[in-house]
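Per Swiss-Prot, zinc finger is recorded for 162-184, 190-212, 218-240, 246-268, 274-296, 302-324, 386-408, 442-464, 526-548, 554-576, 610-632, 666-688 (among others).
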Amino acid sequence: MMKEVLSTGQGNTEVIHTGTLQRYQSYHIGDFCFQEIEKEIHDIEFQCQEDERNGHEAPMTKIKKLTGSTDQHDHRHAGNKPIKDQLGSSFYSHLPELHIIQIKGKIGNQFEKSTSDAPSVSTSQRISPRPQIHISNNYGNNSPNSSLLPQKQEVYMREKSFQCNESGKAFNCSSLLRKHQIPHLGDKQYKCDVCGKLFNHKQYLTCHCRCHTGEKPYKCNECGKSFSQVSSLTCHRRLHTAVKSHKCNECGKIFGQNSALVIHKAIHTGEKPYKCNECDKAFNQQSNLARHRRIHTGEKPYKCEECDKVFSRKSTLESHKRIHTGEKPYKCKVCDTAFTWNSQLARHKRIHTGEKTYKCNECGKTFSHKSSLVCHHRLHGGEKSYKCKVCDKAFAWNSHLVRHTRIHSGGKPYKCNECGKTFGQNSDLLIHKSIHTGEQPYKYEECEKVFSCGSTLETHKIIHTGEKPYKCKVCDKAFACHSYLAKHTRIHSGEKPYKCNECSKTFRLRSYLASHRRVHSGEKPYKCNECSKTFSQRSYLHCHRRLHSGEKPYKCNECGKTFSHKPSLVHHRRLHTGEKSYKCTVCDKAFVRNSYLARHTRIHTAEKPYKCNECGKAFNQQSQLSLHHRIHAGEKLYKCETCDKVFSRKSHLKRHRRIHPGKKPYKCKVCDKTFGSDSHLKQHTGLHTGEKPYKCNECGKAFSKQSTLIHHQAVHGVGKLD
């Protein structure tokens, strides 16, 4: 077993076995202390490094000092005994065995004679900046200290002869071993004033402080990029030199650094040597383990100077800073849309490619994002882990709970920089911004329709496929989107979670509440580009635009009649089915529409809520007041194509058109008599049925025609109903 004599730095002598760490105390070998030799060798090594960097030769005086200082050292110890008394022979006779050999086989300097006749070193010869110490022992076994210095053995400092008993790691010099052992001893004397983190060495603390200050003193001369640590700069420089000499035998991939190759090999072997003591999770890199530990410790050393938010990773801080700077370095090559983070760009690209790599094992549905698949799995499991503390409603996703809590708090943290409008959800803000920019980056190739947000595009795609995977458990009605199903279930449950702060009225849908709030504010944000008319709801604007375009997309399958609005078609269908869902509580008359019933009840109540500001005349319908206004304005918008006669009301024009031949579409089923208007047919059918729906509130007399009732009421002194 090879042994080596080293200094402890405290006047004692350490003897280290190869492969183990054993400590002995010999204090001194005779009157000669090997601590001094090690110190002098260290001084020469340091001076050689300086001279080599400055291009100077190694001064011989330093080398002479190493061998010549032994005379002075002998007199420091009591008794001034010669070395030969303890070692059995003169130390000087064995000094030629001390060599300084240059690294990597370069020509070096060798001490082969005693200091008394040592020749001067040639100027062509240099001492290596990092010399290796070669010590051979010629002392006999009879020496009192032969147990400390093995016979005919050699020690080379480049060998990793110093091993730590705690971790088993080996080093090629004792100073590195001592530094390594400090963490085992728990000696962390350098503390960060910002976050309180402890360090073994002062230089580690200095490097750590740059995380807080953002200092990057090391700059690349090639590209100007700066780094906080010199090791990072060294690694970066290899990108420019592009030297990749380390090759993986498994896959042939090459690396610029051997350390990178070692890390890469762990992918093939699956080796994860770094294990967390808290949760037993294993990692293939120590840096990954260090990052993971912050989850348990809660340490977040990286702080944003703008908003004071803290992060556990530096990369997360760098990404966060882009929120403040507005930087979007990641750009889509297809549609030029820019993104703050690379992950957003990767997600966005799947819109163009249509890639859906994540598949549900339960129903086979595929998703473009893993997070979407994870969320989808909860639908099958019925898991709802997130519960509202106010109303106890449970949600499958935390994001839905956060969104829901804003209903109770009324919080709207997302603000538009253009108009100052605030929103409860970031997605709503993004959709709103497209109103200002006109941007619609999401296009569907099938119908070439464009959308301002990706979720709307995904919803639209289902229209083409006809897929409706979400089914109501109460009525079995199916829906294309889960959100549609959630809204539908509120019809059965009667839940109305959205409440108006002004009048406390509640609504089933958030959009209904938003529309209702405009009643109080009078806001009409939607404007027609044709006539500049404004509307409180987007749907009203869409319907209005059809007046200009003449578009009537809703068609009746029975008679082929077309309508510009879907509710008009729904109401029209009831004419064919005969369905009259709305019934008067006074006279039991039924109506196709609720608005017709509301209009009808005013006959019984004689209510006339709509009053003309010009002449004071009152009306029981808003439409009648609007038509009446045209009398004062002299406006006549409706013209007969046959005789060019104009009318102020559309109904008057329709009635007039029947004067022209062949315009009596309404036929009596009893006597086949035809009429030009539906109202005339209704009056006529009363003759056959004997029905008298119009009743006088004063005397109770009933009439078959409304006009007859109006004339009758004049007898009682009641003003004519218009």
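Count begins at 1; order follows the chain as displayed.
Placement of Cβ uses the backbone N, Cα and C atoms for every residue, glycine included.
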* Asked: Which bits of the chain, at least 6 residues beyond where the zinc finger (526-548) starts or stops, bring a Cβ under 8 A of a Cβ in it?
  -> 515, 518-519, 564-565
* **Close approaches to the zinc finger (218-240) from elsewhere in its chain (Cβ under 8 angstroms; 6 or more beyond its ends)** => 207, 210-211, 256-257
* Asked: So what's near the zinc finger (302-324) in sequence-distant terms, Cβ-Cβ under 8 Å and 6+ beyond its ends?
  -> 211-212, 214, 291, 294-295, 340-341
* Asked: How many helix, strand and coil residues does the zinc finger (386-408) contain under DSSP?
  -> 11 helix, 4 strand, 8 coil
* Beyond the flanks of the zinc finger (666-688) by at least 6 residues, Cβ under 8 Å -> 654-655, 658-659, 704-705
* To do: Over the span of the zinc finger (442-464), count residues by DSSP class, listing helix, strand and coil in order.
  => 11 helix, 4 strand, 8 coil
